[in-house]
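Quick notes on the structure that follows.
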Number of protein chains: 2
Amino acid sequence: MTALLPEGLRDRLPPHAEANASLVATLLGVIAGHGYDRVQPPLVEFEESLAATVGTTKRELLRFVDPVTQRTLALRSDITGQVGRIAATRLAHVPRPLRLSYAGPVLRVKGDQLTPERERLQLGAELIGSDSVAAASEVLGVAVEALAATGLTGISIDLTLPDIVETLASHVLPQARIDRLKALLDMKDAGAMTAEGFASWLPLTAATGPLATALPALRAFDHAGLLASRLDGIEQVAAALGDVRVTLDPTERHGFEYQSWIGFSIFADAIRGEVGRGGSYRVGDGEAAVGFSLYVDGLVDAGLGATTRRRVWLPLGTPVETAAALRADGYATVAALAASDACEDCTHRWTPAGVVEEA
Amino acid sequence: MTALLPEGLRDRLPPHAEANASLVATLLGVIAGHGYDRVQPPLVEFEESLAATVGTTKRELLRFVDPVTQRTLALRSDITGQVGRIAATRLAHVPRPLRLSYAGPVLRVKGDQLTPERERLQLGAELIGSDSVAAASEVLGVAVEALAATGLTGISIDLTLPDIVETLASHVLPQARIDRLKALLDMKDAGAMTAEGFASWLPLTAATGPLATALPALRAFDHAGLLASRLDGIEQVAAALGDVRVTLDPTERHGFEYQSWIGFSIFADAIRGEVGRGGSYRVGDGEAAVGFSLYVDGLVDAGLGATTRRRVWLPLGTPVETAAALRADGYATVAALAASDACEDCTHRWTPAGVVEEA
């Protein structure tokens, strides 16, 4: 059979499509409970607007020339940037902090190894107007609470300090050396670090793992106390997460290029790769913000969001009032249209004597 | 200010984005209550697949060359055709009738006068494997019940008989004359009909309006009884709708080109233009089906789907257990992040003595 759909695109069938919708409702319900209001930016924008978003390049966007305006449009690959645009423009007059949430499909040119899908459902929350410790704590807490409400277990958080090298080295190294140091830290290449005169930075690569050991190691490395406020912040954020497992990978920068003092990845037992990620950043006009994004498809694939509903078969002649009463009782009704009809997946059947369970 | 978004595309802000989501949940909830299972086809497919759908031409699709496969892909402009594809392929083995529902964004090259939007939220239900009177009745009944559940009032249905001219004329007129007659009926051009020898067809144009008068007029015109089963069907479908106002416009074909014996448009007091439409049709492989589609944006614009939620302000130091208890009680909580924070739209405020209403 010829492939019906292009690479990286798929149909969601029952019951997965329903699970998808149910997960979105659960996640956004928890987020709304914390005062986050929903926004819905369009799927398509001017290429320049989408590519102007930090972290997005034109090459990652599916683009086309608009037959109406002859301008190049693109499908969004990320909603965070759109929410930032809305906050900086149409909601510029709304008092801060501004709490916004969103959910919707995003498309990218290519999938990656862990998630070959090119269309994914992104869902998230952004707190705009602050990137304080309190703001980061709230956002991470909301993310964890929302995920836990879906039934996800074994949630853990990996924290990173995206601007740690700049913070420590900005007064002692020229920019070219800082960039080289960051590249070597990304590769975790201890040999090259020593060979190129960065041996004194090696303790940074060791300050990794459970917070209880990594944080003291970082504090010991930070003789001058340049990281003190950041490390105090990390400690407070982690404390507010209660018994969620928190690890630290202070120099992890992959995907956190546009985050400021704190970044985080969320993991869970049943999910390969990240469940979501987020951190502090700046929206277009430099306003501080902190937020998180989740990709719902991974949760569906892990079997979450399953809904079970009693389905009752209504043979021909079932009174319409009876059918309505059964639906009001929470049944899904499946009505015979012809005498030959049947219902394979009905759990119940209506009879003039009442509803009976199917054998 | 330069336009931030391309023509026909817009941001949904609070509270409209929330209303949108709430309407989708209400509508799909009613539809699911009748045993329709959700499917979620992708936003993007091969251009040929989407254009192969009855009622869609390539020119109506936003198209682009896929950088990965070098094939031409397109954004869907309609979900009905995708559901038909799923029914005919991946769900070909599932017993009929098959009941499927869907909701998601669709994009078109150009808006029209009543709805300039190019991105719209389409939602619907398809019953595949039958286009009997019972099937059409169920589908129309579900559409009306779902819309009524959103609070929409003054719902009325305009029924049409898309294949009426073929049915009446196929044995008496050559195809070229049938096509000409249909064109003149579309224009409701009585003068030209008389001039071109179609005077005997004029009563068709008069058999329009409330069912109580239009249906007898049609029966009188149908000497040979060629329409008898269709008209009986229309009468039964209308009777099952109870006190919903039903009108008949038997020769209305605009947008019903791919419908078979019955088509319908749904109108309501508060909405300009159609709320939705549907009818009987054939899926790709010739299987009978009947379904309906709604565009949710019109309902949002009419003010439906508004949700009200109590918002409680939590000053600094509010215990986290208190905050959680308030959310469990249905409040949205808005927590102070700094002593200078305030909440303009909070309806309540927490104090150590309990929750008080804001003045």
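First residue shown is number 1, and so on along the chain.
Cβ atoms are placed via backbone N, Cα and C, with glycine included.
Residues A:Asp78, A:Ile79, A:Thr80, A:Gln122, A:Glu126 are recorded by TrEMBL as L-histidine binders, and the candidate that the same record lists for that site, out of A:Arg63, A:Arg96, A:Arg108, is A:Arg108. Between the listed binding-site residues, namely A:Ile79, A:Glu126, the fewest other CB atoms within 10 angstroms of a CB are found at A:Ile79. Mean predicted confidence for the domain 'Class II Histidinyl-tRNA synthetase (HisRS)-like catalytic core' (A:8-298): the pLDDT average there is 94. Cβ neighbours of A:Arg108 (L-histidine binding site) (same chain, under 8 Å, six or more residues apart in sequence): A:Glu60, A:Leu61, A:Leu62, A:Ser77, A:Arg118, A:Arg120.
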